[in-house]
There are 2 protein chains.
Amino acid sequence: MEIDKETLEEGEIFSPRFNKDGLILAICQEEKTGEVLMAAYMNEDALRETIETGRAVFYSRSRGKLWRKGEQSGHFQRVKRIFTDCDQDCLLLKVEIDQGQCHVGYKSCFYREVLDKHSLKKTAEKVYDPKEAYSKEAGQSGKQS
Amino acid sequence: MEIDKETLEEGEIFSPRFNKDGLILAICQEEKTGEVLMAAYMNEDALRETIETGRAVFYSRSRGKLWRKGEQSGHFQRVKRIFTDCDQDCLLLKVEIDQGQCHVGYKSCFYREVLDKHSLKKTAEKVYDPKEAYSKEAGQSGKQS
């Protein structure tokens, strides 16, 4: 459905604009603390399932399929509220998490600060052992959370 | 420079991974309140200028050129800290703003909540009049902030 700019920006019709690859950006923010946790893409199915189930589902571009966050690691994201931006090509998910959610073992994926053009500094500690989380289920590749 | 997965994820070398279009995603969050303001893309020049000047610069895909946020509207973003995510294909900018920064007139671009698959609800009030902000300089098209 094509809608005009004013309706898109000022209206109250949800009209998510997927890009040419059928994807829309989703930013996840912890509702309680405001901490930005990660960003990923959703296709139409992932967005529908997220709204219907209240659990964050993305589309994995590397694996070419739906990525039900937490399916392997147990680190689900419970989606409390969803917001859209002005031109409806980006979503903001306010979520609850149990512990960490980054596959490297940190709570947020943004655990390093950029100091200058070439260097980073870690600003957080790991909150879980990813090796343990991803080996829970035998036969799983353990590649992503 | 190609670096291995462990260095990329656990190291302290800043190695931003631009996509096939030469862009990297940047999320802007108000440092003081934690409010997520917007998301946009940077190319290498935009990132370099952002780091060098401390003002957020993006790459406008629609206009095909650098987008110095605030150049027209005066609503600059002062970048206090920058973080990178685990696989270094997304940046998080902690910024200071004066007032609004969304071109529609709101503080954040995320001023509408998704109620269900089809409808939105406004959750914020405008903080400035975009018509006024974009007409400050004669001869400007006033298209973007």
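The backbone N, Cα and C atoms fix where each Cβ goes, and this holds for glycine too.
Per TrEMBL, the features are as follows:
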type	residues	note
BINDING	B:D85, B:D87, B:D89	Mg(2+) binding site
BINDING	B:C86, B:C102, B:C109	Zn(2+) binding site
DOMAIN	B:38-111	domain 'Phosphoribosyl-AMP cyclohydrolase'
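Features per TrEMBL, on structure.
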residue : record              : DSSP (3 states)
B:D85   : Mg(2+) binding site : coil
B:C102  : Zn(2+) binding site : coil
B:C109  : Zn(2+) binding site : coil
Which of these binding-site residues, B:D85, B:C86, B:D89, B:C102, B:C109, are close to chain A by Cβ (under 8 Å)? B:D85, B:C86, B:C102, B:C109
Cα of B:D87 (Mg(2+) binding site) to Cα of B:C109 (Zn(2+) binding site): how many Å, rounded? 26
What number of additional C-beta atoms lies within 10 angstroms of the C-beta atom of B:C86 (Zn(2+) binding site)? 21
On a simple 10 Å Cβ count over all chains shown, which one of the binding-site residues B:D85, B:D87, B:D89 is most densely packed? B:D85
Cα-Cα separation of B:C109 (Zn(2+) binding site) and B:D85 (Mg(2+) binding site), in Å? 22
C-alpha of B:C102 (Zn(2+) binding site) to C-alpha of B:D89 (Mg(2+) binding site): distance in Å? 24
